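Under the heading Mn(2+) 1 binding site, TrEMBL lists A:Asp95, A:His203. The feature region 'Disordered' is assigned by TrEMBL to A:171-201. The compositional bias 'Basic and acidic residues' annotation in TrEMBL covers A:171-195. Per TrEMBL, GMP binding site is recorded for A:202-206, A:324-325, A:373-376, A:Ser380, A:399-402, A:Lys475. For A:His234, A:His324, the entry in TrEMBL reads Mn(2+) 2 binding site. Per TrEMBL, the feature active site, GMP-histidine intermediate maps to A:His399.
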Amino acid sequence: MNPSSLTRLDDFTWRIEPSGRMRVPGVLYANEALVGAMDDKVREQLVNVASLPGIVQAAYVMPDAHWGYGFPIGGVAAFDADRGGVVSAGGVGFDISCGVRCLHTGLKRDDLPSLQSRLADELYRHIPAGVGSRGRIHLDEAGMEAMLAGGAEWAVAPGWGRPADLERIEERGRMTDPRPEAVSDKAKRRQRDEMGTLGSGNHYLEVQEVETLHDRATAEAFGLAEGDVVVFIHCGSRGLGHQVGTEFLRAMTLAAPEHGLELPDRELACAPIRSELGQTYLGAMRAAINCALANRQILTQLTREVFAELCPSADLRLLFDVSHNTCKVEEHVIDGQPRRLYVHRKGATRAFGPGHPDLPDAYREVGQPVLIGGSMGTASHVLAGNRQAGIQAFASACHGAGRAMSRRRALKSWQGRQLIDELRGRGILVRSPSSKGVAEEAPGAYKDVDAVVDAAEAAGLARRVAWLLPRVCIKG
DNA sequence: ATGTCC
C-alpha cells in the first residue's frame, strides 16, 4: 500500500478519508515501512468495513494487519445496534476466540539446560498436535452442551485446572449468554474428540525465557522477572469454531438481501445485530468462545502434568489468557457519551487500560496483559493496556507478527527439516507432526514482530513490558 | 484457521 495515498496523522497513525460509501474513516496504526509492505487488499477491505451500517468512529487496522476473508486480519470495528449496526462472521474469523495464554513456571533460565530436550519430547508426546488431532476427552451430547455453556469453568470443575486460573482469563473463563443450541450438530460432531488439542497452522505451545524487561513496575505486577521460564499457548476453538464460522458466513451472505444489506464485498457477510440471524450467530459465537477457553484450559493442565513429571518443583500459574478473534459487547465513551458497542476484533487483542472494572484485582492498577505471540523461532512480547486518552481502536492492540507471505510461497521458499535444524543450532527445539506445516510457518514468512510491537507502542495502543525468546516449540 | 473440497 502506498503511504502517500493516506493522510499521515503522525509517524504511526494513518487515515483513509471517507469517500463513496464509507460512513467513517479508516485508520491504520503502523510505521511507514509496515504500511508500505501491506497488501493493497488491506486498504480495500478497510474501506469496505468502513461502509457497513452502524459502524462507529472508524474502521481500524493494527500494525500486523494483512488481508483476510472479508475483514482484514488485524482489524477492529465497532457497531451500534441502535443505529442499524451489524454483526459479521467474517469480522470475527474462522478460528473463533483463537488466543494466547501465558503460564509462569516458577523455573529460571538456569533450570532449562538439563530439562529442555526432555520437555520438548514429553510435551510433544503428551499434547495432541496437528490437523485432526484427537484428545483424551470424548464428549457426549450433554457434555458438549455443558462445555459450550461453561467454558474454562466447565474444564476446571472436574480438575482440568485450578479455580484460581479463572480469575486470569478474559470474561473470568466463561463467556456469558452463549447459545449452545445455536451451534449445529455438525459443528458439535467435529469437536467431540478435539478438546485439549493444539490444532495446526500457526498454533503452538512454546517454552520461553524472559529476556528483557521494559517496564519493571508492570512486570512485577504481572509476576515476571528477567530469566523467568514461561509457557505460551496459542490455539483456538478447533473444528467447532471453524464450522460455526463457515455456516454463518454462508447464512449471512444468503440473508443479506432480505436484511436490506448491500454488501460492498460478497465476503463481507453480516447481519443486523437486531435480527434473528444476528442473535443466533452471537449466541453460537459465544458458545465457540467457551469452547476455545475450555480448550486452552485443558492444554494448560496437560502442560502441568508434563512439568510435574519432569520437574516437581515447577508451579504453573496462569498469568493471563486473551482471545484475539471475537465480537464482544463493551461500553466505550464516544463524544463524551457512554455507548454499548459490538466490538469486532479479528486478529486483534483487547487491551483494557488501568482502572478498567473487568480486570482482575492484581492487574487493575497497571492494565490488562496483552500477549503477543511471535512467529516460530522469533520473540514473543508481553504488553499492557494503556489508559486511553481518547478512543483508540476501542482499547485494542496487535495480536502477533502477522503473515507477510502466503503459505504457498513459504512452501516454495523453505524446507521444514532444514528450518528445524537451523533453529536447533540457535538453541530452539521444534517438535511437529508436519514438516510441511513448519515450512509454511517459517519465521521469514512473517513480519518482524519486534517492529510490529514497536509500532503498536509508538501509536499508543499498549506499552511494552517484557520481551521473550523461545526455547521449545510444539508446533501443530 | 480447517477431517487444507460434501
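These residue numbers are counts, starting from 1, taken along the chain as shown.
Keep in mind that glycine also has a Cβ here, set from the backbone N, Cα and C atoms.
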- Excluding the flanking five residues on each side, which residues at least 6 beyond the ends of the region 'Disordered' (A:171-201) place their CB within less than 8 Å of a CB in that stretch? 127-131, 133-139, 141, 144-145, 147-154, 156, 160, 165, 233, 235-236, 238-240, 242-244, 247, 280-284, 286-291, 293-295, 297-299, 302, 321, 434, 437, 440-441, 474, 476
- Query: Between A:His234 (Mn(2+) 2 binding site) and A:Ser375 (GMP binding site), what C-alpha distance do you get in Å?
  - Reply: 11
- Query: How far is it from A:His203 (Mn(2+) 1 binding site) to A:Ser375 (GMP binding site), counting Cα to Cα, in Å?
  - Reply: 10
- Would you count the other C-beta atoms found within 10 angstroms of the C-beta of A:Asn202 (GMP binding site) for me? 23
- CA pair A:Asp95 (Mn(2+) 1 binding site) / A:Asn325 (GMP binding site), Å rounded to integer, equals 7
- Message: Just to verify: the residue among A:His234, A:His324 with the fewest other Cβ atoms within 10 Å, which of the binding-site residues is it?
- Response: A:His234
- Query: Taking A:His324 (Mn(2+) 2 binding site) as the reference, which of A:Asn202, A:Ser375, A:His399 (the binding-site residues) have a CA within 10 A of its CA?
  - Reply: A:His399
- Item | Summary of DSSP states over the compositional bias 'Basic and acidic residues' (A:171-195), given as helix, strand and coil counts | 13 helix, 0 strand, 12 coil
- Query: Hey, which of the binding-site residues A:His203, A:His399 is the loneliest by Cβ count within 10 Å?
  - Reply: A:His203
- Check the binding-site residues A:Asn325, A:Ser375 for other C-beta atoms within 10 angstroms of each C-beta and report the one with the most. A:Asn325
- Task: Sort out the sequence-distant neighbours of A:Leu205 (GMP binding site) for me: same chain, 6+ apart, CB within less than 8 Å of its CB, listed by position.
- Result: A:Leu123, A:Ile127, A:Ala129, A:Leu198, A:Val231, A:Phe232, A:Ile233, A:His234, A:Cys235, A:Leu299, A:Thr303, A:Cys473, A:Ile474
- Secondary structure of A:Leu205 (GMP binding site) (DSSP, helix/strand/coil): strand
- Look up A:Asp95 (Mn(2+) 1 binding site) in the DSSP assignment and report helix, strand or coil. coil
